[in-house]
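These notes are about the structure you will find just below.
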Amino acid sequence: MDTQAFKRSLHHSERYNRRGFGRANEVASNLEKAYQSSLIGSIRDNGYVLQHGRLQVKLAEAFGFCWGVERAVAMAYETRRHYPSERIWITNEIIHNPSVNEHLREMDVLFIHAEGGVKDFSCVNDGDVVILPAFGATVQEMELLHERGCHIIDTTCPWVSKVWHTVEKHKKQEFTSIIHGKVKHEETLATSSFAGTYLVVLDLDEAQLVADYILGQGDRAAFMKRFAKACSANFDPDQDLQRLGVANQTTMLKSETEEIGRLFERTMLRKYGPIELNKHFLSFNTICDATEERQQAMFSLVDEPLDLLVVIGGFNSSNTTHLQEIAISRGIRSFHIDTPERIGDNNSIQHKPLGEDLFIESNFLPAGSVSVGITSGASTPDRVVEHVIQKLIDLTSG
């Protein structure tokens, strides 16, 4: 499929909108009430530090809603204002935050049902309004909705669209796209749908397996078994790993994406030599600025003297998970929660350790003076962070 031609056609349709409806002022008060926080503003103005009795809170200097998320949420609110009585669907969570998605449900925005990773679009009719979330939708979903006569409201983050352009360049030049991402993540599913030949690698370890195979170290059957669900149809590692371009899911850990890019550059240099390198390797910077800022702020925060750290964001949020990884790498007691309600009045916290199930820890706040670092993922509103801080204040004020 010529995805570039399809996008051009879609973008010229009267039933497609990616710029909003000019109703920002009409929804501003709703957004402020639901998501903003005067307390967080005050803490920012005070050098990102709050002292309350024995509790000291240190905020990361970049956290919470990024501009892509703000744009997507605002467009969703504008859509309901513009279509007050029409049926409005969304193909997935608008962002990975439970409170934001619940607000949309309260506005009678309907979520496409999915079972086993397969979405059921049979309920979507001609004339319905369909919102594409911040991390995008597959080109096949867009095509289906367009052919069905839906009004498509595209809130895809421009940084995600940039990655789509990158893999389309790979496809046009007959390069295989190596996508650093999570195979089942909505953004990676969308990105791979715009690619030609592709292979998804989760981390540096998987990238090393690919690099080893390129250099003749590895078994074909074992390779295909490992990556069977992470590659394009009819993928042939002996043919399709000769010309590579690197792209990434925008919320992955920046340092790892960069290292993966360097690994494949070294690998292709070793195999083909410096004169032929550009014929076999392409590299584009598709790391999101907001993701990078939050990760750098987290690295600065974990250098502070902290007793523990609370990371706030959806449990299915990739960028939040990577913030948690940074805390773990420094050996800091850290707790990933998705809502303030995870903190109990009895000084317990229900949190999700990395790669594990939910766990309840008792007496998580120590006695005496305590310094708590706080950060949040790009899909977490300031209002949620405020409520977490208020919970901590209540627990340390008794």
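Cβ atoms here come from the backbone N, Cα and C positions, even for glycine.
Sequence-distant neighbours of CYS157 ([4Fe-4S] cluster binding site) (same chain, 6+ residues apart, CB-CB distance under 8 A): GLY68, VAL69, ARG71, ALA72, ALA134, PHE135, GLY136, THR250, CYS288. CYS157 ([4Fe-4S] cluster binding site) falls outside any helix or strand according to DSSP and counts as coil. Taken from Swiss-Prot, the feature [4Fe-4S] cluster binding site applies to CYS66, CYS157, CYS288.
Sequence-distant neighbours of SER317 (isopentenyl diphosphate binding site) (same chain, six or more apart, CB under 8 Å from its CB) are HIS96, ASN97, THR251, GLY377, ALA378, SER379, listed in sequence order. Swiss-Prot lists HIS96, HIS185, SER317, SER318, ASN319, SER379 with the feature isopentenyl diphosphate binding site, giving sequence analysis as the kind of evidence.
Look at HIS96 (isopentenyl diphosphate binding site): DSSP puts it in coil. For HIS96 (isopentenyl diphosphate binding site), the Cβ neighbour count at a 10 Å cut-off comes to 29, with all displayed protein chains included. Swiss-Prot lists HIS96, HIS185, THR250, SER317, SER318, ASN319, SER379 with the feature (2E)-4-hydroxy-3-methylbut-2-enyl diphosphate binding site.
Residues annotated as dimethylallyl diphosphate binding site in Swiss-Prot: HIS96, HIS185, SER317, SER318, ASN319, SER379.
All protein chains considered, the CB of GLU187 (active site, proton donor) has 27 other CB atoms within 10 Å. The feature active site, proton donor is assigned by Swiss-Prot to GLU187.
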Residues flanking the [4Fe-4S] cluster site, with Cβ no more than 8 Å from the Cβ centroid of CYS66, CYS157, CYS288 and excluding those residues themselves: TRP67, GLY68, VAL69, ALA134, PRO158, TRP159, VAL160, THR250, THR251, ASP289, ALA290, THR291, ALA378
Integer Å distance between the CA atoms belonging to ASN319 (isopentenyl diphosphate binding site) and CYS66 ([4Fe-4S] cluster binding site): 11
CB contacts for SER318 (isopentenyl diphosphate binding site) [other CB atoms within 10 A, all chains]: 25
For isopentenyl diphosphate: widest Cα to Cα gap among HIS96, HIS185, SER317, SER318, ASN319, SER379 in Å: 15
